[in-house]
Amino acid sequence: MTTRRIIGQDGEEKTYLDVDPRGPPGPSNISPAVPASVIWKLMSFTFAMITLPIGTYFFTVNYVFGGNATYAGALAAIMANVVLIAYVIMAFKDDQAEQAEDAREAKKEL
């Protein structure tokens, strides 16, 4: 198979981008797709999900329950659920705030 070669007036071979009638593209949008606050919350809750249940387990098994791993494990599982529920609640509130902001902008346009 052959490809079409574009030869300019000066005799040099051109690419499709060189002869594009639309011209060079404008500046691109390089803003992140996800806001930094969302990433910060996710990283914070990830850290809490890792450290809080493990820390709770070892603290309670050694100092509170006197070696009873069953109670310490149950409390660690409860703490993991607390972190998860807190993250879900915060995500819902953040989403509701964005929806309220979009509604305010829609009212301004009317």
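Keep in mind that glycine also has a Cβ here, set from the backbone N, Cα and C atoms.
Given the ranges 43-46, 55-58, 103-106, 107-110, the record in Swiss-Prot names 107-110 as motif 'Prevents secretion from ER'. Long-range contacts of the topological domain 'Lumenal' (66-71) within the same chain, counting only residues at least 6 positions beyond its ends with a Cβ under 8 Å from a Cβ of the stretch, are 60. Distant neighbours of the transmembrane segment (72-92): 41, 45, 48-49, 52-54, 56-58, 60-61, 64-65; these residues of the same chain sit at least 6 beyond its ends, with a Cβ under 8 Å from one of its Cβ atoms. Averaged over the topological domain 'Cytoplasmic' (1-44), the predicted model has a pLDDT of 76.
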